[in-house]
Structure formats: structure tokens, C-alpha cells
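One structure below.
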Amino acid sequence: MTTLIKNAQVWQAGQLQTTDILIAEGRIKAIGHQLHDQFGPADHVICADQHFVSPGFVDVHVHLRDPGQTAKETIATGTLAAAHGGFTTVGAMPNVDPVPDTPERVATMVARNQQEAHVHVAQYASITTGRTSEQLVDFAGIKAAGAFAVSNDGSGVQTAGTMFAAMQGAAKVGLPLAAHVEDDSLYHHGVMNAGPVADRLGLPGINNVSEAAQVARDVMLAEASGVHYHVCHVSTAESLRVIRNAKAAGINVTCEVSPHHLLLCDEDITMDNPMLKMNPPLRSAKDRAALVAGLLDGTIDMIATDHAPHTDAEKQGSMKTAAFGITGIETAFATLYTALVKTRLLTLGRLIELMSTRPAELFGLNTAGRLVVGAPADLTIIDLDHQYEIEAATMLSKGHNSPFIGWPVYGNVLMTLVDGKLAYGKETQA
């Protein structure tokens, strides 16, 4: 079957250009004009009406909550929400129950993802059994079973010896190691950023050093082990300084930033509001400015949402007792496009690179994040001019725990194709 996308706007040579895209057998067959003259009529035609067509977004940091926490999310609902947000590939974090910490459990998750997901799912395995700081997983076995990377996300590996051995094991088999960086001895059970805002609200704070100290430890271990070390959801200026220096020294370090850390800071927390509780927390305005600067100068390699759905009950009451985490996969593009591209801090092409091309390249997801002939037809069609208000009622995730509800934004995802097939669009809304 062939599909022709007509009158698409694509980002080429630093600007938007109009073209057609021909899809055959799930892959991009041709990009250009008057393709029907060369290839004949297509079986199906999608009129893009001059809307923007992007390579599908790639999010390497998503919590699908399945198995074990399906009241929050499932593979099906989380990946449909991903398609709604324009994502065609997501990395499923391993903080589920049971933890994918053996080859058998990883293989089970890979099979379930293939059967139940609406988009491509790259499966993480944990670094250690049970996501503790003790026994390492069988790195060769979990890679053979289909893991694309390892992470203990949600928990920092607390002992340097365990982390170094893990890095050596991951490096030996060529698996990236993605780290939730948090030193428990410096954490002190805080619920938001330590500082004047936390003091005013009477809430326990989380110091910047609890993150930055573990980043500093880990980059030295990464240099010694040769692993691809990836810092999850970087949030502090100090962490960025360490990462910037590590890159300058030639250490194989990459990092991601989440949309909420680019768009919000602790000064936006004017009351005890669980919808603004996440880990790492919203930091100071100075930290937020440093993250934006890191995005602009290339220190930050990619954007990842840390999509963390919860039930309504888990996000009620006080920040002292509510669960950490917010959703983000359905709001990421629109909020970032509105705040960064419409204000000319970033070009559209650079945002697409950060949300699609670079995460795919750096994590070895070589078939994702590209709008080129021969690549899988993982594409997102977006109305860049449509302004709308983010509403909980339109979200397809089970979790509606978003601080962006009510925000006016531009950039409405109209349709998402995965391997040339409709994953989200009008037909899925019937």
C-alpha cells in the first residue's frame, strides 16, 4: 500500500519548504514534487494543507507504569498519549512491578510492547536487581533479550563501587547507562527545591548538591569505564557545569532536560500545590536560566518528558504527601514550541533535532527520528498556527497531573503515523 502526503511543510536547509512525501510499505519512498508522475497514483492521499510534517518525536524517558501500576497508566494508554503528543518512539523506564531485571522479564516486556503499544517502545532494563544499589543485572543477557539501555530511574545508585561495576558491565556490551542522579545522604526527604520559596511555604527542600554531587562522581566513573553515561532530567546549574566540563574533557556524557524544568521554576509555586511536585524539583530561576542557556549552547543533548502519570488521588492534598511526578508527553511540543520557538529563542529545526533526531542518534535508535528516503514513515503532522488551551478532557493518558492545564499554546498535533499507519488522528477519535 502507498500513501501520499501532499502539500507538506518540512524543515529543510534551515527553513520551511513545501513538498510531497510518498510512503510505501511503511517507509518513506520519495520526497519531492509531482511524485505521481514518477510513481503513479497512490492508494491513499493525505492532504497536509501546508501543515508542518516532522519526523516523529523520540522520548527516551517515559513511565508507562505497566505492569504493576496500571491504575496510573498502561502500555496502551501511555503510547496512545505519546502518539497524541507527536511521539513515535518512547523509552519505557523500568520502575514497574516486576522490575525488568532479568533476560526473561525484559523479553516479556519487549513482546508485550510489540503487541500492545501504539508507537515504538524501546525497553529499559534496570541497572541492578530490584533497582537497589546492590546486585548487578546480567548485562549481556538483558541486551540479548532486547533492552536498549539500562537505568534505575527513580533511584540513584548510591554506592560508587556498584555504579563503577555497572558502568563497566554496560560498556562491555555497548549499552548506554541512564542515571537518575540523587545522593540519598543529601536528599533529606524534601518535596521541592530548597530555598526561600520552600522556607516561605514551610515545605522541606531538596538541595542542588544532592544532584550535582552524584553527577560529579559519575562522570569520573564514566571516564574510567568508557561507558556512554546519560544524565536523566538535569535540573541544576551545578550539574550542567560538571557535564560541560566533562564533555570538554572528551568523556562520553550526554544529558536530557525535561520541558517543565525549562518552562517553570520554584517561584511558580505560590502555594502548596501537588501538581508542581516532581523529582528533581522545579529549581530556582537561576537554574532555569542555566538550563535554557545549556540548551542553546549544546551542553544539553535532548529533551525528554519524564512522563509520570498518577491517579487523581495520589496528586491531591499536600506536597508533603502527594506523589512525585507530572505528565508531559501530550504537552511537550506545544509548550516548548510556544515558549521557545515562537519567541525566537530556538529555531523550529533545532527543537525538532532536540526532540527527535538527537535522542535517536545518541541512543542508537537508528531507524527513528529521521525524515529521509528509506527511513520508517514515523511522521507527525502539526498545525503550527492553531492556538488552543491545554485541557485535561482532551488528554489520552490516564494521568491528568499536569501543571500546564489551562496554558494557551500553539502547535496542535493533527495526525501521527507509525510505520506509515495511523497511530493518532481523526480516525482514532471516532
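Glycine is no exception: its Cβ is also placed from the backbone N, Cα and C atoms.
Matching Asn95, Asn245, Asn252 to the substrate binding residues that Swiss-Prot gives (His63, Leu64, Arg65, Asn279, His310, Phe324, Gly325) identifies Asn95. Among His118, His228, His233, the residue that Swiss-Prot places alongside Asp153, His180 at the Zn(2+) 2 binding site is His233. Among the candidates Asp301, Asp306, Asp312, Asp378, the residue that Swiss-Prot names alongside His61, His63, Asp153 for the Zn(2+) 1 site is Asp306. Checking each of the binding-site residues (His61, His63, Arg65, Phe324, Gly325) against His233 (Zn(2+) 2 binding site), the C-alpha distance stays within 10 Å for His61.
Here the candidates are the binding-site residues His61, His63, His180, and by Cα distance the one nearest Asn95 (substrate binding site) turns out to be His63. His61 (Zn(2+) 1 binding site) falls within a strand when secondary structure is assigned with DSSP. In space, Asp306 is the closest of the recorded positions Asp153, His180, Asp306 to Leu64 (substrate binding site), judged by Cα positions. Candidates His61, Asp153, Asp306, His310, Gly325 (recorded positions) were compared with His180 (Zn(2+) 2 binding site); those inside 10 Å Cα-Cα are Asp153. Note on proximity: of the binding-site residues Asn279, Phe324, Gly325, the one nearest His63 (Zn(2+) 1 binding site) is Gly325, by Cα distance.
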